[in-house]
Amino acid sequence: MKIYIQPLSVNSHTVEVLANSLPKIFNAEVFVLPASDVSLKCYNASRRQYNSTCILRMLPPIKVTLGVTGKDIYAKGMNFVFGEAELGGARAVLSVFRLTTADSELYRERVVKEAVHEIGHVLGLKHCSNNCVMRFSNSVQDVDRKPVSFCRECASKIRY
């Protein structure tokens, strides 16, 4: 499997964390695409956030492409999201905006968990109620409580 990371207005340290972590988790080759900025077409000035669906649609439709941004993002009907993905599709987007903390190890864990979660959606997984990386996170505390790994049930359903 190949994973393409598309940096979108995000620091290089975050990209490096993912480029070093994802190959081990998914037994995948990881390629970092040239960095670019999030399109202003996706910006909602009244919310001061970027629309995650708009960003998702601007990513190359190559399975698996993970857009990673430092911008705050939202989806329709939500105050914010950590990410959005095409279920069983090719693309996902992850925002690290609300994952930031002074604790560098905790930041790394959060970023990796949410990247694995979004890639899990691309690989066909829905949200899970088990103690699993696919558990829905409504807050950063929810992210901190879940593991970085898939439960057995989810691991058996992954469609590479």
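Indices start at 1 and increase along the chain as displayed.
Including glycine, each Cβ sits where the backbone N, Cα and C put it.
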Additional site residue, HIS13, HIS127 [criterion: listed by Swiss-Prot with HIS117, HIS121 for Zn(2+) 1]: HIS127
CYS154 (Zn(2+) 2 binding site) and HIS117 (Zn(2+) 1 binding site), Cα-Cα, nearest whole angstrom: 11
Of CYS151, CYS154 (the binding-site residues), the residue whose Cβ has the fewest other Cβ atoms within 10 Å: CYS151
Listed binding-site residues (HIS117, HIS121, HIS127), ranked by Cβ neighbours within 10 Å, top entry: HIS117
